[in-house]
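Working notes, structure below.
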Amino acid sequence: MILNAPFLLFALVAVWATFMVVTRAVAIHALLYLVVALLALACIFDVLGAPFAAILEVIVYAGAIMVLFVFVVMMLNLGRPDRLRENTWITPRTWVGPGILAALLLAALADALAMAPPDGGPVVVIDTRQVGLALYGPYVLMVELASFLLLAGLVSAFRIGRHIRGEDAP
Amino acid sequence: MFGILRTLWLTFLHLGHRRVTVGYPETRPALPPRYRGRIILSRDPDGLERCVACNLCAVACPVDCISLQKAEQDGRWYPEYFRINFSRCIFCGFCEEACPTYAIQLTPDFEMSEYVRPNLVYEKEDLLISGTGKYPDYSFYRVSGVDIPGKAKGDAEREQPPVDLHSLLP
Amino acid sequence: MTPPPLVVIAGTLAVLLGLATMLTWAERRLLGLWQDRYGPNRVGPGGLFQAVADGIKILFKQDWIPPFADRPVFVLAPAIGMMTVLLAFGVIPVTALWSIAGDLNVGLLFVFATMGLGVYSVVLAGWASNSKYALLGGMRAAAQMISYEVFMGLSTMGVVMTAGSFSLRDIVQAQAGLWFVIPQCLGCAVFLLAGIAETHRLPFDLPEGENELGAGFHTEYSGMKFGMFFLSEYAGIVLVSALVTTLYLGGWQGPVLPPALWFAAKTGALVCLFILLRAALPRPRYDQLMALGWKVLLPLSLLNIVATGAVLLLRAPG
């Protein structure tokens with residue numbers, strides 16, 4: 001394991017922030033803690049020698065996706081009544097299923113960690129060139145699949161946002 | 001696109017234009033004599049008050065900032081007090097237009113700031129000047145048919161002597 | 001000999017904040033010049049201390065948080081804005097040997113990351129103020145800044161492809177022969193427009209939109225919290241100008257004069273351009289802004305990437 005101080009610090013921040021995400025009552029506060037968790041993750045990526053992935057994490061997740069989340073939550077105008085109503089939803093029936101699945105994931109992760117070499121190996125900095133070569137070499141199929149997905153999203157967004165003549169005329 | 005660039009260029013050329021701002025306290029603006037500034041009460045060429053306390057200025061004033069009281073002495077009407085509240089005055093000049101005797105006049109002086117609001121209420125002593133203002137030769141009592149000491153009826157300029165009623169008898 | 005990091009950080013903060021403060025005065029003087037008037041010219045020689053007077057005034061104002069606001073987020077929002085802008089300055093190479101945080105091999109992406117986080121400042125300010133004008137401003141800002149970040153990133157890809165690196169220092173060094181503004185003129189134009197939208201400066205200041213939204217996202221802010229927004233906006237102008245200088249105008253390179261001076265001169269000229277834009281242009285409608293972004297700038301920046309790629313392939317040996 002890589003037990004150096006920065007890694008531990010960022011990991012603690014990430015875990016703490018994630019815990020706060022789950023426990024916050026105000027949606028925006030929860031989202032802000034999620035941003036903090038993502039930033040901490042990015043820092044961990046950087047410590048582990050992947051600055052490109054770290055920066056992409058910040059740009060894509062913290063910078064774009066979470067802003068859209070905040071954007072949507074901003075418009076919902078959730079208040080105290082919603083909070084009280086949501087409290088009644090938290091029953092064992094709702095969280096047991098996801099809890100079991102998460103526990104399975106945790107077990108798999110623990111297994112993988114147990115199999116890893118004890119010192120985690122030396123930190124190798126992976127620069128942008130290597131990422132690009134990997135994406136368009138061994139993983140080119142993944143890139144193509146992702147582009148298909150994005151294209152589908154683009155087409156459906158265009159369909160939804162299309163200005164249909166006559167339908168919205170006054 | 002071209003229009004935007006042209007706008008930018010033309011605005012940039014204003015670098016060499018002369019500034020239209022007048023740096024007021026250092027350079028005084030040249031105000032025309034008919035500028036509507038501080039209101040004064042003028043005197044006729046004989047050095048007597050022109051105001052006849054007719055109240056027309058007070059009636060014409062749209063913000064009701066003029067108040068006066070009529071008094072009479074030897075057939076001459078004059079204001080017992082004449083008060084202008086300059087904190088309400090809008091310097092519209094209606095009073096000057098309404099005045100039948102050229103008594104109330106607006107001057108090109110506008111520097112009348114005060115720290116205390118009640119100081120902006122000007123009394124007759126503050127308003128009355130010793131000169132004739134914009135109309136040096138006009139004297140109301142000299143052209144009107146009012147009977148005052150030193151000038152009987154019929155003595156005014158371009159006035160015929162009053163008709164003797166007895167001469168009209170058949 | 002390099003000074004200790006704390007000194008560097010303190011010095012940078014002092015210089016940047018001082019620069020942003022003086023820029024408030026410089027902008028007003030320049031606007032005055034272009035609009036045939038004086039601007040602030042009373043305090044100190046030529047009004048030079050106007051910024052100081054404004055600073056003193058704003059510091060002594062009541063630090064008012066509206067009772068209906070979300071306190072922690074309300075306080076956090078201006079700090080985020082200031083912080084992200086200042087962070088981005090860390091990787092800008094002023095000269096070949098001198099940038100504040102050293103040379104990062106993903107420097108350009110780091111700048112984009114901090115700018116992306118800067119959106120939070122405006123959006124959260126709009127939300128935390130709990131008032132309709134602020135919320136509308138925040139929503140406009142979110143949509144505008146996310147959209148224009150896309151074109152901003154895409155427009156620089158041509159530069160990155162030509163230079164073969166994300167490191168800002170390498171990018172500047174790749175411009176030794178020819179500044180990128182010539183081969184990448186399309187990218188430069190898109191980047192400049194996106195930069196204006198990203199700092200929500202006039203003519204793209206729709207998140208503030210005084211005549212529609214009061215003051216937009218900072219309607220409820222006063223005192224030094226408003227001052228933080230104000231200063232971070234001006235620091236943002238300097239940042240975008242410095243970025244354009246680095247990416248397209250050859251950074252510190254230039255004959256005769258010392259490199260730092262060249263960098264400062266180019267950045268200063270671009271800042272003046274920003275102010276000229278404010279002096280000259282009216283604000284577009286919001287749908288016009290979005291249409292310009294997605295229908296004009298996005299295709300243009302994609303075209304720029306394709307053309308750059310084609311040229312690079314044709315020129316590649318073998």
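Glycine too: its Cβ is placed from the backbone N, Cα and C atoms.
TrEMBL labels come from automatic prediction, so no person has curated them.
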Open item on the list: Need the matching range: TrEMBL marks region 'Disordered' on one of B:31-50, B:151-170, and I'd like to know which.
Closed with: B:151-170
Task: For B:Cys89 ([4Fe-4S] cluster 2 binding site): intrachain residues, at least 6 apart, with Cβ closer than 8 Å - done: B:Ile39, B:Val63, B:Cys65
- [ ] Six or more residues out from either end of the region 'Disordered' (B:151-170), which same-chain residues have a Cβ under 8 Å from its Cβ atoms?
- [x] 141-145
- [ ] Starting from the [4Fe-4S] cluster 2 site formed by B:Cys61, B:Cys89, B:Cys92, B:Cys95, give every other residue of that chain whose CB sits within 8 Å of the mean position of their CB atoms, in sequence order.
- [x] B:Ile39, B:Cys57, B:Ala60, B:Pro62, B:Val63, B:Cys65, B:Ile66, B:Ile90, B:Phe91, B:Gly93, B:Phe94
Open item on the list: Just to be sure I understand the packing, how many Cβ atoms besides its own are within 10 Å of the Cβ of B:Cys61 ([4Fe-4S] cluster 2 binding site)?
Closed with: 20
TODO: Identify which of the binding-site residues B:Cys92, B:Cys95 has its Cβ surrounded by the largest number of other Cβ atoms within 10 Å, counting every protein chain shown.
DONE: B:Cys95
